[in-house]
Amino acid sequence: MELTLNEKKLLVALGPMGSADAAVLAEKMDTRREAVVQYANLAGDRGLVDVEKHVARRYVPTEEGRAYIGRGLPERQVLESFEESIPMRDLQGHPLAKIAIGWMRKKGWIAIRDGVVQKSGNTAPGPDEAAFARLAEKGEIADGEGVADLAKRGLVQEEETVAYTVSITPRGRELLSQGLDLREEAGTLTREQILSGEWKSLPLRRYDVTKLPKRAYPGKVHPYQRIIDEMRGILFDMGFEEMSGGIVQSSFWNFDALFQPQDHPAREMQDTFFLGERRPLPAGYERVRDMHEHGGGTSSTGWGGTWSAEKAEQCVLRTHTTSLSIQHLAAHPKPPVRAFCIGRVYRREAIDPTHLAEFEQLEGIVMDEDVNLRHLLGFLKEFYAKMGFEKVRFRPGYFPYTEPSVEPEVYVDGLGWVELGGSGIFRQEVTEPFGIEHPVLAWGLGISRVAMLRLGLRDLRQLYRSDVEWVRETPTYGGRR
Ligand code: PHE
């Protein structure tokens, strides 16, 4: 059996005595007692020594207790300050009178009559004084008669001491008798030791290759961000470019440009976060206005009524990333366009495990000559398949800005069909005011739900919590990629 240097040193120190207190060994080995206990426990596991732990309770004086040491308890001191009797008023002049008089009466040492204090026949010390005398002599006492009284009075306090006795086992003794090499072990070899061949005779430190190292937690991308990055990768692979834009949008871009009527319920205060800020309308906004009011000379009749520029200037926290799609199209009205973005959107929702007031959407648009619904369904199917959802189906839906409108759903084992967003082909009421002449396929998918499914979460809020433990424990390549 190979012994570590510390084990050898322990056996050598312990050998002559056979059994010793860890503190004594520490002195012999010129180290700390805690270190000896640690070596001894390890050596104990290997059967070289036995370690016995003793817990001892003892009592030491409190600060108040220390003040009486050598002088006696207050009642004794005060009792001894007068002969047979003393007027109460005089006695009260003693600095300890306040504490002592009560105790002297309680112990039956005095009687008070007509303002005079008279000693009684029996003033012998009780067990508490005996215990206190022992304490004065030794500085500490074990539990015993009278000690509890002193503790109750706050004159002594309990202290726990732990002692360790280490004894050599027959196995340890046997190894000791074979002679132990006490040279320091080499942890790393120097170039010189290797060249000279000295390494062959050096005692080498052993490595336990079966021991697991401490777990390390290097920097790590948040699991949700990883899924977002994966989605971006998929869309880049599918030939899309990334759009970007601000979180604060005018109602014009968030609603009006998407042919959402100004009295649409989604534009109410209870659904949308409106901001105090206003933004000027873009050049050419009149065409959007005309489309709303009467159809702008197209086959549409518009929504009718009067369109309010003031309402359109009002800023909101974007309620969907479709507000970026329409701006991107306004800036690039000519085909081909293939763009996406992943961004946070805001809605005034009652918060529960599957609904939050902020979440991420993955928005995409494809504009080209003659693209149609089959292409749209194809794009969505392909995207979901790449995300690991094999079964996708489409249900008819409704959005004010698309016709037809489709709601994609994916099938998840154990959950069934899960709705993941909306899509459709932009209506001419949306495209015409911006001079867009070709069909635009569009979709907006809630991706926090996708992340939740992929990460096996029950509560969407987990994605947004600062839960380092969860981030650590979530495998980097969980799921399929
Ligand atoms: N904007 C819609 C939503 O937030 C999704 C959508 C985008 C629908 C594009 C159709 C076209 O639910």
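Yeah, the Cβs are placed from backbone N, Cα and C, and that goes for glycine too.
Cβ environment of T322 (L-phenylalanine binding site): L258, E363, Y401, A442, G444 lie under 8 Å away, each six or more residues apart in the same chain. As annotated by TrEMBL, L-phenylalanine binding site applies to T322, Q361, L362, E363, Y401, F426.
The feature Mg(2+) binding site is assigned by TrEMBL to E403. Secondary structure at E403 (Mg(2+) binding site), taken from DSSP and collapsed to helix, strand or coil, is strand. Residues near E403 (Mg(2+) binding site) in space but far in sequence (CB under 8 A, at least 6 apart, same chain), listed by position: G424, I425, R427.
In the predicted model, residues of the domain 'Aminoacyl-transfer RNA synthetases class-II family profile' (336-475) average a pLDDT of 93. The domain 'Aminoacyl-transfer RNA synthetases class-II family profile' annotation in TrEMBL covers 336-475.
Of the residues the record lists as binding L-phenylalanine, namely T322, Q361, L362, E363, Y401, F426, the two whose Cα atoms sit farthest apart are 18 Å from each other. Counted within 10 Å of its Cβ, the other Cβ atoms near Q361 (L-phenylalanine binding site) come to 24, all protein chains included. Each of the binding-site residues Y401, F426 was scored by the other Cβ atoms within 10 Å of its Cβ; the lowest score goes to Y401. Taking T322, L362, E403, F426 as the candidate binding-site residues, the subset whose CB lies under 6 angstroms from any atom of ligand 1 consists of T322.
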